[in-house]
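**Student:** Below, the features straight out of Swiss-Prot:
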COMPBIAS  1-18  compositional bias 'Acidic residues'
COMPBIAS  25-43  compositional bias 'Acidic residues'
COMPBIAS  70-80  compositional bias 'Acidic residues'
COMPBIAS  98-112  compositional bias 'Basic and acidic residues'
COMPBIAS  148-158  compositional bias 'Basic and acidic residues'
COMPBIAS  191-200  compositional bias 'Basic and acidic residues'
COMPBIAS  205-217  compositional bias 'Low complexity'
CROSSLNK  Lys149  SUMO2 cross-link
DOMAIN    217-298  domain 'BCNT-C'
MOD_RES   Ser82  phosphoserine
MOD_RES   Ser85  phosphoserine
MOD_RES   Ser86  phosphoserine
MOD_RES   Ser116  phosphoserine
MOD_RES   Ser215  phosphoserine
MOD_RES   Lys218  N6-methyllysine
MOD_RES   Ser249  phosphoserine
REGION    1-158  region 'Disordered'
REGION    191-223  region 'Disordered'
Amino acid sequence: MEEFDSEDFSTSEEDEDYVPSGGEYSEDDINELVKEDEVDGEEETQKTKGTKRKAESVLARKRKQGGLSLEEEGEEDANEESGGSSSEEEDAATGQEKGIESEDARKKKEDELWASFLNDVGPKSKVPPSTHVKTGEETEETSSSHLVKAEKLEKPQETEKVKITKVFDFAGEEVRVIKEVDATSKEAKSFFKQNEKEKPQSNISSSVPSLSAGSGLKRSSGMSSLLGKIGAKKQKMSTLEKSKLDWESFKEEEGIGEELAIHNRGKEGYIERKAFLDRVDHRQFEIERDLRLSQMKP
């Protein structure tokens, strides 16, 4: 039994490793094997070609997508740059337009304010006489109304005017300035007080008796120095004040004061216009300040 088992085992291994010789194949078997090998080779080549084509197409697509993406990114960057520059230009243009509009609006407002001021200050237009024939009753009514208005619009008593004379010293010359002021003004009161102080001094100097020759020399020198001090108390006048005084006297002599005032109130009068606009700005600031303070209070 042991021998039989060993033989069977050896024969089974031989069967597995057994390869028939070429003479044992028939022609049909050989042809079928060759065909199968060719078919397998063709399938493998087709598969390799297909995989290569797929890989090449994928790479081409990736390259195309990469190129497109790069081109798109470049276009987007260019669009962003152009958009940024155009937006900056638009912002600058809008800023300039707003500045011009605000300047024009400010000038227009100033012109309107100045025109309204001139209309209020300017001479009133005379009412043309009416051609309507008045009856007796109408004339009585109008006369009575005029009387009532005249009683209501009685002018207050005009204050008295006083002419005062001031003496100035300009470059060693005595300049006298005559001014007409109200009697109740501070300037007039100070002028009267100064005159009252100077009168007793002049009386004292005139009532001094003549003294002897020996003692008169010393006393005369003392009195002359005192009188010199009194006379030397002259207010000095500067060149600007002298030129202003000359200009005022020239306007009075020529009678052009009213004409100059009307001209200065016109559109060409820069000083009057500037002063008026400054007053308007100051008043507007005060109104805004009062509003802010009223809102801040609880």
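Note that Cβ sites are derived from N, Cα and C of the backbone, with glycine treated the same way.
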**Student:** Whole-number Å distance between the CA of Ser116 (phosphoserine) and the CA of Ser249 (phosphoserine)?
**Tutor:** 33
**Student:** Indicate whether Ser116 (phosphoserine) is helix, strand or coil by DSSP.
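**Tutor:** Helix, per DSSP.
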**Student:** Other than its own, how many Cβ atoms are within 10 Å of the Cβ belonging to Ser116 (phosphoserine)?
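**Tutor:** Around Ser116 (phosphoserine), other Cβ atoms within 10 Å: 10.
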